[in-house]
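Q: Okay, these came from Swiss-Prot:
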type    : residues                                     : note
BINDING : 30-33, Lys51, 87-91, Gly415, 479-481, Asp495 : ATP binding site
Amino acid sequence: MAAKQVLFADDARVRIVRGVNVLANAVKTTLGPKGRNVVLERSFGAPTVTKDGVSVAKEIELKDKFENIGAQLVKDVASKTSDNAGDGTTTATVLAQAIVQEGLKYVAAGFNPIDLKRGIDKAVAAAVVELKKASKPVTTSKEIAQVGSISANSDSSIGQIIADAMDKVGKEGVITVEDGKSLENELDVVEGMQFDRGYLSPYFINNPEKQVAALDDPFVLIYDKKISNIRDLLPVLEQVAKSSRPLLIIAEDVEGEALATLVVNNIRGILKTTAVKAPGFGDRRKAMLEDIAILTGGTVISEETGMSLEKATLQELGQAKRIEVAKENTTIIDGAGDGKSIEARVKQIRAQIEEATSDYDREKLQERVAKLAGGVAVIRVGAATEVEMKEKKARVEDALHATRAAVEEGVVAGGGVALLRAKQAIAGLQGDTPDQNAGIKLILRAVEEPLRTIVTNAGEEASVVVNNVLNGKGNYGYNAATGEYTDLVEQGVLDPTKVTRTALQNAASVASLLLTAEAAVVELAEDKPAAPAMPGGMGGMGGMDF
């Protein structure tokens with residue numbers, strides 16, 4: 001086991017705080033509409049230029065191991081805030097630095113760190129209550145666009161495209177961000193339910209121009225096993241043929257004789273059919289087949305429930321207004337399912353989302369909700385170069401997370417004003433001991449820091465602006481983009497309540513843990529012996545020119 005180095009009390013804290021400051025100072029230059037970019041070196045390819053706090057934080061690794069502890073703790077604040085709220089990483093970093101710096105002064109003056117932490121927790125709880133009181137719900141498309149614009153570093157085109165996407169697929173809909181092919185941002189909307197399985201044979205195509213099999217007013221047969229024997233399918237095919245309507249077959253697989261017969265009937269025009277594989281795998285496949293059945297008003301024909309394919313009737317088949325089957329995906333538009341059943345299914349999946357522990361499961365469940373609820377929007381980000389594309393894509397993703405957070409918990413005045421107004425609630429608090437009062441006082445100073453940083457980045461005098469804003473009321477604040485004092489909500493300078501709340505809670509949590517640390521242990525670097533010198537070259541090779 002490698003030897004360790006241990007530092008205690010102030011020796012440990014001073015070194016750790018140095019690391020906190022290095023990371024926080026790099027991250028906080030990006031805060032606000034006039035924040036600067038940070039250039040990140042890459043081992044391969046072009047460097048990345050970003051104004052995203054968490055991207056900067058993730059790149060920082062310090063040589064001094066004690067300093068690195070501080071940097072990693074603040075990095076954790078940024079990552080947690082990004083995971084929970086999707087934005088607010090820079091604000092969280094700025095708050096964490098302020099709490100640590102103020103807290104250390106008190107610890108050095110002999111205050112009890114545990115009581116300081118209790119005071120900090122009391123003050124943060126009061127600030128959160130105040131933020132929730134000040135929060136107002138986001139209802140209009142204009143407000144969504146404003147939130148998106150602020151999060152995308154005051155880029156109104158990004159805010160607008162996100163608002164348009166939410167208009168089209170609803171606030172619960174899935175919105176994905178992809179690389180575009182042009183210089184402009186574009187929005188594509190897939191209405192209805194789409195899953196990533198295409199036709200099993202190109203002979204099913206009936207629209208050569210689009211290379212799709214388009215079925216109007218079709219029946220949908222959903223089966224959870226393989227179909228290889230045409231005899232199992234014949235009874236249901238005969239019933240469908242009598243109705244003169246097309247048929248989509250969704251099964252684990254359709255192969256051999258069954259597939260050949262379907263293709264021949266399709267080419268001859270006897271029965272218009274298309275077959276696709278069921279989406280997903282294992283339990284997820286079962287759940288998705290059930291979703292399709294509910295959406296189309298059909299039933300999953302499964303031997304597990306005592307049903308068999310040869311006994312299937314038209315009553316068990318789903319229906320839709322239109323289905324398009326391409327090479328790699330199938331889109332079901334306007335399924336004939338009962339609205340109440342779909343709603344109940346969505347409710348059931350939402351309950352599963354609440355209980356999901358992994359991000360992957362949560363994402364897949366969210367996708368299922370969106371497909372049942374009405375569609376998927378794809379924002380294609382346009383840019384001139386790959387470096388710009390990466391930077392812009394990160395901003396669009398940030399803005400998307402921020403707007404979702406705003407829809408979830410509402411918005412408060414941006415520009416650091418909401419935290420500043422929470423000072424009134426904190427100032428009225430009384431701790432059980434003088435040390436707890438010091439913790440409360442510490443947060444009173446720390447909540448000013450986001451506004452101070454925004455103003456400093458805009459090239460103005462922070463103390464003057466903070467005093468002016470404190471003398472105002474409600475949403476009155478400083479708009480760093482225009483350099484004016486105004487009603488920030490009217491100007492569209494908004495922050496999602498969830499983002500501001502999460503930033504404060506995470507910053508206080510990690511910073512107060514750091515203040516209560518009394519020792520730090522790191523591994524000592526091993527002194528490795530130098531590698532032996534390379535042997536000399538072969539004799540008699542002189543005079544050769546290399």
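Here the Cβ of each residue, glycine as well, is placed from N, Cα and C on the backbone.
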Q: Among Gly32, Gly88, Gly415, the binding-site residues in question, whose Cβ has the most other Cβ atoms within 10 Å in this structure?
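A: By the 10 Å Cβ neighbour count, Gly88 comes out on top.
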Q: Please work out which residue of Thr30, Thr90 has the most C-beta neighbours within 10 angstroms of its C-beta, and give that one of the binding-site residues.
A: Thr90
Q: Provide the three-state secondary structure of Thr90 (ATP binding site) computed with DSSP.
A: helix
Q: According to DSSP, which of helix, strand or coil covers Asp495 (ATP binding site)?
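A: In the DSSP reduction, Asp495 (ATP binding site) maps to strand.
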Q: What's the number of neighbouring CB atoms sitting within 10 A of the CB on Lys51 (ATP binding site)?
A: 21
Q: In sequence order, what residues of the same chain, 6+ apart, have a Cβ less than 8 Å from the Cβ of Asp495 (ATP binding site)?
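A: For Asp495 (ATP binding site), the qualifying residues are Gly88, Val147, Ile150, Val411, Val412, Ala413, Gly414, Gly415, Ala418.
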Q: Measuring CB to CB from Ala480 (ATP binding site), give everything in the same chain under 8 Å that is also at least six residues away in sequence.
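A: In sequence order, Gly32, Pro33, Lys34, Gly415, Ile454, Val455, Asn457, Ala458, Glu460 meet the Cβ cut-off.
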